[in-house]
Structure formats: structure tokens, C-alpha cells
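Taken from TrEMBL, the feature domain 'Chromo' applies to 37-95. According to TrEMBL, the feature domain 'Pre-SET' maps to 179-237. The Zn(2+) 1 binding site annotation in TrEMBL covers 181, 183, 186, 191. The Zn(2+) 2 binding site annotation in TrEMBL covers 181, 192, 219, 223. Positions annotated as Zn(2+) 3 binding site by TrEMBL: 186, 219, 225, 229. Positions annotated as domain 'SET' by TrEMBL: 240-363. Summarising the annotation, TrEMBL assigns S-adenosyl-L-methionine binding site to 251, 252, 253, 320, 321, 362, 390. Among the features that TrEMBL reports, Zn(2+) 4 binding site is placed at 323, 389, 391, 396. Taken from TrEMBL, the feature domain 'Post-SET' applies to 385-401.
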């Protein structure tokens, strides 16, 4: 299904809800806000006759209902703190980061400052709603946070969160597997990997033990083993809380971990629309002109299909490239044994500290020996227009492609 963003402004929607006496939690209209006033954010500041006033945007009410309120009427310490921080942030940027001396005797804010404060407040609300939406849609226990302390960019307007592949018409990402292993103790018996001619991918600590280029065969929905089976890792989803954040060096959004990740641990899947290579070639020309890289070839065995995470994807959509990455790609087979349609899993190549950005090599170089057969089938679609790399690694190649 294709989605069309709503073109009506938040203010228009709030006015319509109030007029029809309707509630809509996603835009701040609840039974409570229909009958009461709650501060949503502060818009402006002035001093009259020695008394401080703030221009208040009321939650669930359109901006035309904003009112000036004295400080004593406001019981919202966090919003006051955000207001002052946003004001100081704007002034600091104007003064090129010089030490800022806050003056308490200012009687009115300049329009540009008030405008920035309102935009920042709206951004904060939009990012909070986006975070809530992402956490509603995810199918794993770990949390997803969103953070932007760099600019006024809000949530992407044309991105939809999914947890698994979204196949294009005519593509079947499940091949109707109807059998599974009969193991009582998967590591010790002839489990799914051995049936496929490979070794078990994980050790007893559920860490990856195979080399890049080798496939991972996990137990499937028909296997006798239960959910605690050590050969069920990728299918359980991201185990770490992650934060989508705005980078400060022009790389757009990025992803950082909020927890320490040990070496050879599963971090996330790369998901998106599964399309034919012919369709990927057509879309790739458009993406090239935008400087985007979201196409990932599923060429483990052939080059028939590609994953496009531009509009549909999960957290991996926001993971940036690095020429010295801390994540590595592996092909995974669970409920689909079609070698043309592996699932793509990202594993850590080293210990990743909490707060560190997650990256993978869009060319899948680094820990893979490109002179060996193991490197075949692990590279995203090659782009026709060279994109400058901003990863900052010592070994940076200068371009993403």
C-alpha cells in the first residue's frame, strides 16, 4: 500500500477536531484538552510594567488561541527550561559559539529569536511523536529514541517503518517451508545449518563464530526447538536500544547505540522493499541525482532482486556509511531457503561503546577479503554518480562508491 502525507496543517486539524468535538491523541486533542488548558510550548517573552509575560501555545488549541500569561500562571518548569535553552542556543549560534551572558532585563525578544524558539518547540513535539510512532510499530523489546540538537530538521516526511521485507507484486519472500529440525539440543545435533551443508553460526554465548561470506541458517517456525534455542538470534529482532540522531557534519541522520555492544553480536536487520534488479536500476538513477544510497543488492547467489530502503525500512535506513565500519553484513536464511532472497543482518565487528555511532561499509569492504570468493554477493548496488564520503575515517577512500 502507498501512503499520501496529510497536507492539512496541525492547526487546521486541531480546529476541525474542536469544531466537531472530536478527540485525536496524535495531534493533542483529548477529552481533557477539549475542556481544559494545558501549556504545549512557549512562543515569546516580554516585560510590561516590570512584570514578565510569556506567549503560550495551548495544547490541543490552534495558534490563534495563544495568550500572554504572567510567569506566576505557568506551572511548566520543563517548558520554561526548553524556552530559555532554545533562546540561548540561537544567540550562541549568532555569536559563533562565544560565551553567552544572559541578560535578565530584556523587555522583549527579537522576532527572529521568537521564531526560532517556536520552530524548535514544534520540532521537539514532532520528534517526540515520531519516536512514539516508531516504538509502536517495532516488533522488538529494545527502545528507539530520536534526537536532534544540530538543526531544525524534523521527521522524514516520506518514510514508513516496517519490521520485515515488503515484497513488490509478484515476489514471494517466503517459499512455503513446511519442515524444521527435530533437535532437542540444536548445537549438539544435526540442526538446520548442517542440513544446508554449513556449520552453526553461533557459539554457546550466542555470538557469531563464522567468517564473513558464509551464510547463517537459523531454526524456523516449524522446528521442534523453542524460542530460547541458541540458533534463533536474528529472528528475535534488535536487542539493543538505539537512537536515531542528527549528525553535525552534514551526513543527515545517523544511528548510535545506547548500550555497549560486544564483538560479533547481532545488531539489526536491513529491511525495505524487495524489488527486481531492473526496477532497482530505474530507481537508482533517481537516487543518484539525490545523492542517496538505499539500494542493497541481494546477490548472494544471483542478482535478481534488490532491497530498497528509501521509503520503507527500519532503523537501518538511517545507518551511515564508514570506510572503517563497526558493523558487518551477513546473509541469513530462516523461513525462506531461496538463495536469491536472503535476509540481511548486521553484526558488530568489535566492541561498540554506548553512545557510539553505528556504521557499515556500503561497499562491504574492510573485514572482507575482496580477492576471495567470500566477498561475492555482499555489495550494495553500485552508483553511477560518485558521492563524496564524509565518514572521517583515517582509511577513508574519499567516495562512497
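Yeah, the Cβs are placed from backbone N, Cα and C, and that goes for glycine too.
Just so you know, TrEMBL annotations are computer predictions that nobody has curated.
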Cβ-based neighbourhood (8 Å from the centroid) of the Zn(2+) 2 site, residues 181, 192, 219, 223 excluded: 180, 183, 186, 191, 218, 220, 222, 224, 225, 229, 231
Residues satisfying Cβ distance under 8 Å from residue 183 (Zn(2+) 1 binding site), sequence separation of at least 6: 189, 190, 191, 219, 223, 224, 225
Outside the domain 'Post-SET' (385-401), six or more residues from its ends: residues with CB under 8 Å to it: 249-251, 288-289, 291, 293, 320-324, 359, 362-363
For the binding-site residues 321, 390, the one whose C-beta sees the most other C-beta atoms within 10 angstroms: 321
Zn(2+) 3 site, defined by 186, 219, 225, 229: further same-chain residues with Cβ within 8 Å of the Cβ centre: 181, 183, 191, 192, 223, 224, 226, 230, 231, 232
Cβ neighbour count (within 10 Å, all chains shown) around residue 192 (Zn(2+) 2 binding site): 25
Structural state census, the domain 'Post-SET' (385-401) (DSSP three-state): 0 helix, 2 strand, 15 coil
Which listed residue (253, 362) has most other Cβ within 10 Å, given these are binding-site residues: 362
Cα within 10 Å of residue 229 (Zn(2+) 3 binding site) - qualifying binding-site residues among 186, 320, 362, 389, 390, 396: 186
